[in-house]
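Per TrEMBL, the features are as follows:
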type	residues	note
COMPBIAS	35-59	compositional bias 'Low complexity'
DOMAIN	238-310	domain 'Sphingomyelin synthase-like'
REGION	22-66	region 'Disordered'
TRANSMEM	96-116	transmembrane segment
TRANSMEM	142-164	transmembrane segment
TRANSMEM	176-197	transmembrane segment
TRANSMEM	241-258	transmembrane segment
TRANSMEM	270-290	transmembrane segment
Amino acid sequence: MEINTRGKKVAPQLDLKTVEMEVPDSYEYSPGKHQPPYAHHPSSPYHQQAAAQQHQQNQSEAGSPASDAVMIKIDVSSPVRGDDQQRYPKEIGKTLLALLFLAFNFFLATVSLSLVHDRVPDRDTHEPLPDAFLDRVAPQDWALDVSEILIMIVVNSCVVLITFHKHRFIVMRRVFLLLSILYLMRSMTMYVTVLPVSSRTYYCSPKSNASSATVIVKRAFQLISGMGLSINGKQIYCGDYIYSGHTVTLVLGYLVISEYSPKRFWPIHWLYWAASLTGVVMVLVAHGHYTVDVLIAYYVTTRLFWTYHTLANNSLLLKRNVRGPIPLQYDLPISMPASWMKKSPKLPGRES
């Protein structure tokens, strides 16, 4: 410490050249560069650090197990959900089983109607029940034919849609299952409660006082041959009121078309909605059913359809092989020859 002429303490000035000689610009701890004189001593920390770095470098150059352990490669197989066949299996056996279940319940419904026909109250002594709609609209026999023509249009449209759907077997067994449940419930409801004939003009075949098993089976097959439609001349039995089979078919047909066709086809959806509504109204105009039959049929069909598809589209609610909603894709139902496919373009899939 120096003192200047004014009496103030002044810090000593360092010799810059000396500092530059004593302190190097940068330290490199590589062996042989800027090491203290004692760095080559075996017990010094510098010597030990250099030896460890040299050993690690030799191992990495030689491809030692320590260097290879850093890179770990795990082969992961592709997820099952990416495979269309695994995610949406055809399960043809289940589809055939659902078809057999539908045939059994449809036959059971016809047997129920065959039994009910002999229990219908006589029209000469029992008038139709009071009805808010039927009492205000005069019966029109032609309206029932209009309703059944609309039924045939809607049903055939559903058949075409399901045929060209890529996952047609899944859609088929769903429709078969829903129809089976609806016909099973209908066979019970119309048997337990028999209502008087709602129309004064509809033809009912004569009753059989002793209904044997042969007569019942003959009636059932006669109804099946006409698909339960009066327009075919096979539906001549009365008593199938609660609930309306015409309404079930029309409403379910519209729901299937709306669910499994592209959403961009909303004008077609509205068209089939109008056709279904017209068919239901025509049943009432013809006095083919009571109003309560139509309301119950609409409620049961829509709730069953929506409940089932809510469960089917959510894997957390229902464990099943088909996971998630079915994509709206379409293709040909049969495989075309390769020579034909080269000449004609492939039918593209349709997404919603």
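Including glycine, each Cβ sits where the backbone N, Cα and C put it.
TrEMBL does not curate its annotations; it predicts them automatically.
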Counts by DSSP class (helix H/G/I, strand E/B, coil) across the domain 'Sphingomyelin synthase-like' (238-310): 59 helix, 0 strand, 14 coil
Count the CB pairs under 8 A between the transmembrane segment (142-164) and each of 96-116, 176-197, 241-258, 270-290, then give me the winner. 270-290
